[in-house]
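Feature list (source: TrEMBL):
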- A:22-44: transmembrane segment (TRANSMEM)
- A:51-79: transmembrane segment (TRANSMEM)
- A:99-118: transmembrane segment (TRANSMEM)
- A:125-142: transmembrane segment (TRANSMEM)
- A:173-193: transmembrane segment (TRANSMEM)
- A:223-248: transmembrane segment (TRANSMEM)
- A:260-282: transmembrane segment (TRANSMEM)
- A:289-311: transmembrane segment (TRANSMEM)
Amino acid sequence: MAAETETIPFEETELDVRARSYAHHGIVFAALAVLLLAAPFLVYPVFAMKVLCFALFASAFNLLLGYGGLLSFGHAAFFGMASYVSAYAAKSWGLTPELSILLGTAVAVLLGTLIGAISIRRQGIYFAMVTLAFAQMVYFFALQARFTGGEDGIQAVPRGWLFGVIHLGDDRTLYYIVALVFFVGLLIIHRVIHSPFGQIMKAIRENEPRAISLGYEANRYKLIVFMLSAGLSGLAGAVKAIVFQLASLTDVHWTMSGEVVLMTLIGGMGTVFGPMVGAAVVVTMQNYLAAFGAWVTIIQGVIFVACVLLFREGIVGLLARLLRRPL
Amino acid sequence: MTEIFGIPTAALFGQLLLGLINGAFYATLSLGLAVIFGLLNIINFTHGAQYMMGAFFAWMLLNYLGLGYWWALVLAPVAVGLLGIVIERLLIARLYKLDHIYGLLLTFGLALVIEGAFRNGYGVSGLPYTIPAQLAGGTNLGFMFLPIYRGWVVVASLVVCLATWFVIERTRLGAYLRAATENTTLVEAFGVNVPRLVTLTYGFGVALAGFAGVLAAPIYSVNPTMGANLIITVFAVVVVGGMGSILGSIVTGFLLGLVEGLTKVFYPEAAATVIFVIMALVLLVKPAGLFGRAA
């Protein structure tokens, strides 16, 4: 029968053309830059910095989940370990903040290479369980190792002088540094997603055997995206340690891994701008509900369930569908 | 005092027994996860919370209704199982057509809700549950002192695990279950009510977790966070064993418990992480797990 070999002619619809063009992202980035510049005059700078740290963390996580199709349940390991290393470097070795942050990020990349190389040997749900287990291992390490300060964490980390000249004691000065780090981080993620590398990454997400049959070494791509994601998560954690002058067990605990999943889910998996919206929502919620104690956990759990059942595309995902443009 | 490798034998066997008890919990919990995963294709993140609920129900039965340990051993798993059935029908059933990670995310959210609720109601300090009179005390085995309750935990979970294996591998109901795991559509075409089978399987899997919780209540204090940390270790156990075989999860559970106990004797610093290290090694050598089938 001829019908069996008949191929469906590929017709590019208007939506496909739009989906490939992301020129409107320039407008979003410009608006974001304006918002970042104005933010410290609208909200408390420390709060804004907290949102930005988590926004970068969630965006880095989304690079792996939304574009690599890999659900890691252990991203707290990179976030938390980098925050410990940068706090320790700044406090005990007296390094300048930029060196401490770089060192923390480098450790996160290294850890990401190790954990990533082993984890990508399993797929799907197993991958989530393996990363969770490794993160728990890192948590126990942080609990027992001497340099992390155990239950106390590393407290009173000096913010220090950036490049030895700019004093970061002032919240607003530090805010603009953090905003710059976040903005550059997001640009890097955007660039990766829309590069030829990102295209192959998405191809592997959609159909791994096919990508392999086309000659791409899927595991190498997965490992690279895992390292990138781990490194940027580490960058977020390292910056957070300097901002809050604290590195603690909270940052390596599995609840942190869960929170970053929640942020990404609320904002919209696989959208460039979703995770930061989700991070803002979650951090704001935690701020207002802090007085209610265990209710925060319950409410987060309920939102998790509600998002999975009713709102899988997330806020920005919904927006993108309404505007019929990828965001 | 007799010694092996410079370790007093009493201490060695004591730690081995502790390891065996941990292994009993690993085995029971990973068995439940494996049964659920086999048919539903979801990883039940709520498993730890359901284990915790089993312990809490035992405590509630004793303190609110005056029903003792033996009642709890039957009633608490049933209650956890029934709640599980409600959860499966109302929530999980909506996700079968979606990517499996949504099942993981949903049950993770549920675990947060359940744990948060118990933390709100009972705090985090933990509630005591005394060992039933029939199982109190201990006997001297000559080479070590054996608290009877601990021996009971190992025997009881071993019996339940083997009974589960028997039901799944040797009965008609188990045959339906295995067939549905292989090919749902075909089994449904033969007139088996697969959705009901799925619901019952989930209920049974989480009832196992509830049972483990009741066993744990007199050993560990009854605490809202008791399940959360345990379940992550159980995930590692599941990865090591692979979810392909029922007997495999039981053997792996007990084995890793023993390894953990031995590590406590010879290199205590690594006791918390040894299972994760083994997981890493197994992934490097045999990614599908010791008893798993290649995907």
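Note: Cβ is positioned from N, Cα and C throughout, glycine not excepted.
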Residues from the same chain, set at least six apart from the ends of the transmembrane segment (A:22-44), whose C-beta lies under 8 A from its own: 52, 171-172, 175-176, 179, 182-183, 186-187, 190, 194, 272-273, 325-327
Recorded stretches the transmembrane segment (A:223-248) and the transmembrane segment (A:125-142) touching, at least 3 CB pairs under 8 Å: no
Contact yes or no, the transmembrane segment (A:173-193) and the transmembrane segment (A:99-118), 3+ Cβ pairs under 8 Å, gap 6+: no
